[in-house]
Structures are given as structure tokens and as C-alpha cells.
Amino acid sequence: MPKMTRNTARKIFERLSEASPEPQTELYFKNPFTLVVAVALSAQATDVGVNKATKTLFEIADTPQKMAALGEKKLGDYIKTIGLWRGKAKNVIALSQKIIDDFGGEVPQTREDLETLPGVGRKTANVVMNVAFGQPTIAVDTHIFRVGNRTGLAPGKNPLEVELGLEKIIPDEFMQHAHHWLILHGRYICKARKPECWRCPIVDLCGFKEKVTSPDKPKPAAKKTAPKKKTAPKKKLAGKPKLRATKRKAAS
Ligand code: SF4
């Protein structure tokens with residue numbers, strides 16, 4: 001795939017921004033702390049599933065102090081519907097306590113500090129920095145990783161490579177919302193199994209070769225295999241008759 005130019009990248013973000021001028025995270029949160037919790041709970045879970053659980057949880061525990069007071073067991077009762085809930089409950093209580101002990105009860109704003117919180121990695125830190133504190137970070141999740149590679153915007157073997165590639169190619173004025181545009185694009189159009197290229201606003205700019213141009217496009221017919229060549233019949237061993245003749249001679 002040829003390297004994408006910054007000019008093409010600019011056109012891509014112009015179009016994505018036209019389609020959704022003020023993109024928002026689809027996770028429910030009330031403040032920076034509840035955002036940290038929501039993102040930590042969303043690993044390998046859907047935003048819809050997390051929102052169902054956090055809607056009631058955040059009514060009673062929307063600060064680190066209230067969450068720590070709730071305790072691991074009671075928190076578990078609220079988030080049991082979310083995958084890996086036991087480990088997540090442990091992390092949420094521990095990160096609440098750390099925010100109280102080390103950061104005066106306020107969610108830290110730098111990646112370095114955020115990554116010291118239990119259960120918070122680079123991706124979660126980037127989401128919090130971007131959504132809660134307005135910093136132009138790119139949090140590479142499964143959708144952004146796929147879109148970055150497929151389109152040729154920022155090919156990379158791992159999330160960090162894609163993140164750094166996107167930071168290089170995305171024009172500054174689009175950086176703030178870029179990760180939301182890419183997530184929404186990946187979630188609703190450039191889907192994992194079957195990208196909906198026939199309704200994609202950047203189809204002419206995308207470098208993906210195997211575009212799906214129609215919703216009901218039949219699968220390409222299986223290639224006909226060439227008929228097997230007939231193998232030539234084995235030649236009879238020239239030596240056998242002679243052998244028999246020799247035997248007959250010997251017998252006579
Ligand atoms: S054209 Fe297809 S592969 Fe390219 S970004 Fe759009 S949906 Fe994804």
C-alpha cells in the first residue's frame with residue numbers, strides 16, 4: 001500500500017468531521033473520576049453494557065472517597081454484568097484509594113501520573129486526558145487500530161506504532177477529536193468483518209484494496225481448479241521378458 005500523504009489525511013478528517021462535527025464518547029460519566037472508572041470497566045466490554053451498570057453505580061459513588069467507602073464487594077454487586085468484573089472491582093477500589101492518597105482526591109492530568117493508577121494503561125490514560133482534560137491525545141483501541149491499518153492512515157504492528165503514526169499524519173486542527181471520529185468510523189462503517197465501503201464517506205481516499213462495494217455482494221466464486229493431467233502409463237520393464245527367456249533357456 002503506498003504511503004498516505006498528509007493532504008489525503010486532511011481530506012479524510014474534513015469529511016469525518018462534516019459527518020459528526022462534535023463527536024462525544026459513548027461512555028456515560030459525570031466527572032473526570034467517573035470517566036476513569038468507566039474507561040477502566042470498558043476493557044473487553046461494550047460501552048452499552050458498561051453504561052447500564054454505571055448509571056446506578058455513579059448515583060451513589062461518583063467520587064474516589066465514596067467509591068473507596070463502597071468497598072470491593074458492594075461495588076462487585078453493581079458491575080457483575082460486565083466481563084472480568086472481579087479484577088475490575090479490585091482495580092477501581094485501589095485506584096480510588098490511590099487518587100485519595102497520592103493526588104489529593106483529584107484525578108491527575110498527565111499520562112505519567114495516570115499510568116500509576118491500578119488498571120490504567122496508556123489507552124485509558126489517553127482517553128481521560130482527551131475527554132476529561134481536552135488534550136489532543138489518540139487512544140488506540142481495536143477500532144482505531146483496524147482503521148489506521150486498513151486505510152493506510154497509520155499502519156503499525158501494535159497500538160503504540162499506530163498512535164505515533166496518527167500523531168504524525170493528522171493535521172493539528174483535527175487532533176482533538178480525531179480519536180472519536182476514528183472510533184465512530186470503525187464502529188459503524190469500517191466494521192471488522194465486513195467494512196461498509198459502499199456507504200463510506202472516504203471510500204475514494206482509503207487505501208484498502210479489497211473494498212466491499214455492495215451490501216449483498218456475493219462472495220467471489222471459488223477458482224476453478226485445472227483438471228489433473230493424466231499421467232503417462234508406466235512403461236513396462238524392458239528387462240522382464242529377457243529374464244523369462246533366460247530362465248526358459250536355462251530350463252531347456
Ligand atoms: S472504504 Fe471501506 S475499508 Fe476504507 S475506510 Fe471506508 S469502510 Fe473502511
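Any Cβ shown, glycine's included, is placed from N, Cα and C.
Because the structure is a prediction, the values reported are computed rather than measured.
According to DSSP, CYS197 ([4Fe-4S] cluster binding site) is assigned to a helical segment. Taken from TrEMBL, the feature [4Fe-4S] cluster binding site covers CYS190, CYS197, CYS200, CYS206.
Taken from TrEMBL, the feature compositional bias 'Basic and acidic residues' covers 210-219.
Residues or ranges marked as compositional bias 'Basic residues' in TrEMBL: 220-252.
Among the features that TrEMBL reports, domain 'HhH-GPD' is placed at 41-188.
Residues or ranges marked as region 'Disordered' in TrEMBL: 210-252.
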CYS206 ([4Fe-4S] cluster binding site) has how many other Cβ neighbours within 10 Å of its own Cβ? 21
Around the [4Fe-4S] cluster site recorded as CYS190, CYS197, CYS200, CYS206, what other same-chain residues have a C-beta within 8 angstroms of the site's C-beta center? ARG150, THR151, ILE189, PRO195, GLU196, ILE202, VAL203, PHE208, LYS211
